[in-house]
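Asker: Structure below; questions to follow.
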Amino acid sequence: MATSSAWKLDDHPKLPKGKTIALIVLDGWGESAPDQYNCIHNAPTPAMDSLKNGAPDTWTLIKAHGTAVGLPSEDDMGNSEVGHNALGAGRIYAQGAKLCDIALASGKIFDGEGFKYVSESFEKSTLHFVGLLSDGGVHSRLDQLQLLIKGSAERGAKRIRVHILTDGRDVLDGSSVGFVETLEADLAELRENGVDAQIASGGGRMYVTLDRYENDWEVVKRGWDAQVLGEAPHKFKNAVEAVKTLRKEPGANDQYLPPFVIVDDAGKAVGPIVDGDAVVTFNFRADRMVMHAKALEYEDFDKFDRVRFPKIRYAGMLQYDGELKLPSRYLVSPPEIDRTSGEYLAHNGVRTFACSETVKFGHVTFFWNGNRSGYFNEKLEQYVEIPSDSGISFNVQPKMKALEIGEKARDAILSGKFDQVRVNLPNGDMVGHTGDIEATVVACEAADKAVKMILDAIEQVKGIYVVTADHGNAEDMVKRDKSGKPALDKEGKLQILTSHTLKPVPIAIGGPGLSEGVRFRKDLETPGLANVAATVMNLHGFVAPSDYEPTLIEVVDKN
């Protein structure tokens, strides 16, 4: 690939080129005080522990939530998508929730082409909303759904159906009941004003609709059957009764509630999606909407038998896959992330290897590259996906594919074919989300072993390592009260935390290839994930573009 002057990076005056760099992202690996609920602290993690010995020069903490990753406020937890966007882009972009907040606050969301498209069904057909009913702010927000429903009714929607997916992952298990009651109150008010508005179906997010990376299409099928066909193993007259009843089943929780449909007095489903209807998926985060979007939009679809494929007007809250143009219609335009670090490095001849297992493969490729699929230069890049376990909860096999990822990275480093080897180790996040503390400890140990494997390979080739994380999770597995003590529910039981956290994440640099005098700067007030891209560019021997967030490192004369 020829490098035009627009893409040419200047050489760094004090840092040489040519060293192999291992870039390791530990998913869900934050830094928190040690206690019995800090799974990272309680796990044997000698590799990661050894890196702390370099503090403050070669080990420090950076911010991975809130405004540092483009989210609306400091109360917003980071997530893997925005984290990897920031890590790869080197700049902070307004992200999903914030973009939607702006569009809703201004009313522009109702003036856009996406809303105009779905509104053409208002006169004669039903408007359906499908998404995660939660205020967690990771995939969706209840207040945004409320504004969408209210705004749609004000603009002519006469018949509205909501297909809810309960959370319990980014928020406390059991909070689903309160969310459903809030939504039902809103819908009742609409009915009083002449709008036929009801909840039509539901189910738990990890069991119904919201699979990702084509890990288990049966999850999507269960949602399709309830939402489109009006068929589910459980039928109820109202959603509050449905959620309360299904939560009483042995081992039940919000994440894994079975699918249900709401029926009328004659036992008929009140809101299946049919020809002529409009459908809006109101999640703003992309990863758990893509598969469902394919089922709704693709005429040529073979992942499961849809039985019938209604002709609908469908729009996503955002476009969930820019490369696939999926969905083709959306209410809010996604951030336009250009000139990512991966693209710059490809134009400057840096050979890159990226690897993870299925559940996080898109994060070290698609999200890292600015929500862009495919290679920048297939002659210089190789992306390897290791299939994740399917059909089981991640705490059943908490080691996941960490060692396989480590082996692939090790082999790539030792091959001498790559200048950068980039991996994501998902264990801390994916197992942390299950709320299983014992399994999460095992998960963190496995990730650490993979880190050790990669660091050993870097030692052999006299390269450089950069080890960091995308957000917190496994470092705090319990909800805290205002004093910081573990919180108890009304029955006196510990409230396990399954969501991400607001904790900072570590970053470490080192290896025999690290130039003498390189250390973390002390003059950056609040460094965050977006500062990593310029840092890595420096370690490759380049100066980052001037509009990137500043590098984390400096070179000092030790004489």
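Glycine is treated like the rest: Cβ placed from N, Cα and C.
The following feature annotations were taken from TrEMBL:
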- S80: active site, phosphoserine intermediate (ACT_SITE)
- D27, S80, D470, H471: Mn(2+) 2 binding site (BINDING)
- H139, R169, D170, R205, R212, R285, A286, D287, R288, K360: substrate binding site (BINDING)
- D429, H433, H500: Mn(2+) 1 binding site (BINDING)
- 19-542: domain 'Metalloenzyme' (DOMAIN)
- 103-321: domain 'BPG-independent PGAM N-terminal' (DOMAIN)
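Have a look at these and tell me how they're positioned relative to everything else.
Answerer: For S80 (active site, phosphoserine intermediate), the same-chain residues lying six or more positions away in sequence with a CB closer than 8 A to its CB are D27, D287, K360, H363, F367, D429, D470, H471.
Residues near R212 (substrate binding site) in space but far in sequence (CB under 8 A, at least 6 apart, same chain), listed by position: D287, R288, V290, M291, V359.
Neighbour count (other Cβ atoms within 10 Å of the Cβ, all protein chains): 24 for H433 (Mn(2+) 1 binding site).
Per-residue confidence over the domain 'Metalloenzyme' (19-542) averages 96 (mean pLDDT, predicted model).
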Asker: Quick check: of the binding-site residues listed here (H139, D170, A286), which one has the Cα closest to that of H433 (Mn(2+) 1 binding site)?
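Answerer: Sorting the binding-site residues by distance from H433 (Mn(2+) 1 binding site), the top entry is D170.
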Asker: How far is it from H500 (Mn(2+) 1 binding site) to A286 (substrate binding site), counting Cα to Cα, in Å?
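Answerer: One finds 17 Å between the Cα atoms of these residues.
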Asker: Since the record lists D27, D429 as binding-site residues, which of them has the fewest other Cβ atoms within 10 Å of its Cβ?
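Answerer: So among D27, D429, the binding-site residues given, the one with the fewest Cβ atoms within 10 Å is D27.
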Asker: Count the Cβ atoms, other than its own, that fall within 10 Å of the Cβ of R288 (substrate binding site), considering every protein chain shown.
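Answerer: Within a 10 Å radius of the Cβ of R288 (substrate binding site) lie 25 other Cβ atoms.
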